[in-house]
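Encoded as structure tokens, the structure appears first; notes follow it.
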Amino acid sequence: MYWRSDEWQEEIYPACEQLSLPEGLLISQNTSFGSQFISRSIFQQKCYKHSVPMLNTNNGLMLNKFAGLLPIAEQTWHDFTGNSSKGSFAYSVVPVLYSISISAVITWFLNIFVITNYTIKPSILLRASTTLSSIYLLITVIMAIIELHKQQKQGFLHGTKLFDCINSSLALNIIDLIVVFLLQINQVQIIMRIFSRQKDKRLTFFVGIFASITSQVLWAITRFHSFSDDSEAGDILPAFQYLVRIAMGVCYAALVSVFVLMKINYIIANKKIWLITLLTVILIYGPVAFFIADVSNAWVFELSEIFSVVTYDICVVIPWEWCNKYNSIMKAKEKEGVLGRKFYEDELYELDRFELFVDEEDEDHENNNNENDDESGNENDNERGNNDHNNRHGLSRNGENTHKGYRPVNFDGNDKGFGSIFETYRRTKETFLNITDHVIAKGLAIPRSASVFTGTPVSAHNDEVFRMDNLNHKRDDPADMTLENQEDHRNTNRNNTIRFASNSDIHRTNNSTAQNRRDVFVYSTREVIIDASDTET
């Protein structure tokens, strides 16, 4: 970042410069190198980037009993640890190693929790992202141990050198790029779960994917591209990328918080989700708090990528489990109620696209009226049919008014070119929405309502008709009826008709939507009246 550089800009400490030593006895820990008496020598202590002293681990018997540190080296170490922020305890090896280990343990625990969740199977994306984050932290721990082992063999330990080893690893940077992108998509997945309308889910999907790709592309440019010292892009892009991540974290936390506040009455009524709701509200602000700490604290910046993965992992797994708990409570509530779940106007129009609300008797009247040359009879029948249709399909017409774009448009013979263009546009749009719904339903495991459909409508003229004779408690034997009663009985059966989509149409519907979802639509063409005696009513 342009406001904070990870490079050491401090002056060279005196102990890190070349020191002229007087005559004396030179003793080496190497057994092949014998002790020698020298009259003059030049000594240079091992320092980080030849400017900052490091912790000496050669505390043997010779150093403790017979010889001590050089006075200038001892004074330099005292100044470095007492007056420099880089020499504080936070930058030593122990806090760094503990921070990495704790982050790895948290990530592994969340991964095990997701994989072993037997109540509601998590999505493939969630399992993949948590598994990759665990692998990322595992590789980080292994690299840290190897680097500390190398430093120990050289006789020095330094936390900042460990920072450089982790941050400069190409393999870790590539894995971090993939893991953070998947975790950001998981956040989009959780936001989609709190919306009920399919249109809102699609909009969230497109906006979230675009924001995630933009954020990670900017991060990749700032991480893998080397900017010159006088390049303005090297100062602007890191700051802008950081602002994008902060904005995404704030939007995610705000949307989840608003949804929790809207459903606070249901949450208060169910004590089982109090704890996980509190954890969700607190932990979703983890990335925001981390970004603030990252800007204000240079030590957090050194481990920013590791902490970023952990905070993303936490604010994804916990809200996902909260959504599972909340959805199970709402499903139980809907089962206890009479009305079930809510239907929206776009869903009502989706149902009407199948022409399942069209009455067969009205269709017969319409066909007969077209063939009849009597204008007065046609006007009366059409007026009666239109009144019946308006009474039964008021709701579906409201959906039609709000979704006129789905209705087929008829063009004249001179406008065949426009008709083909419009038909191509319609089919392309349906295919695109169908693919999007498949990705949402399968890849992101977002359940959708059974009435949402993006394929070609099924024609009502190809439907099979079944008589629901068993709906009436009292059925007279047709053999015992007169001709007039039998005719009334047939008319009653015609009115009590349930229409099902044919097997081929259901198969096409299943292929165009989700394979694991049963798309069975049952609607009555007329109001079904169950015969009952006066005493029973």
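Cβ coordinates come from backbone N, Cα and C, glycine included.
The structure displayed is predicted, hence computed values, not measured ones.
Per Swiss-Prot, the feature compositional bias 'Basic and acidic residues' maps to 381-391. Residues annotated as region 'Disordered' in Swiss-Prot: 362-410, 472-495. The topological domain 'Cytoplasmic' annotation in Swiss-Prot covers 116-127, 186-203, 269-272, 319-537. As annotated by Swiss-Prot, transmembrane segment applies to 95-115, 128-148, 165-185, 204-224, 248-268, 273-293, 298-318.
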For this session: Quick one: average pLDDT across the topological domain 'Cytoplasmic' (116-127), no decimals.
Result: 79
Problem set entry | Non-local residues, at least 6 beyond the ends, that sit with Cβ under 8 Å of the transmembrane segment (273-293) | 242, 245-246, 249-250, 252-253, 256-257, 260, 267, 300, 304, 307-308, 311-312, 314-315, 318-319, 321-322, 325-326, 329
Problem set entry | Close approaches to the topological domain 'Cytoplasmic' (116-127) from elsewhere in its chain (Cβ under 8 angstroms; 6 or more beyond its ends) | 182, 185-186, 189, 316-317, 320-321, 324, 328, 443-445
Problem set entry | Residues from the same chain, set at least six apart from the ends of the topological domain 'Cytoplasmic' (269-272), whose C-beta lies under 8 A from its own | 325, 329
Problem set entry | For the topological domain 'Cytoplasmic' (269-272), residues assigned helix / strand / coil by DSSP | 3 helix, 0 strand, 1 coil
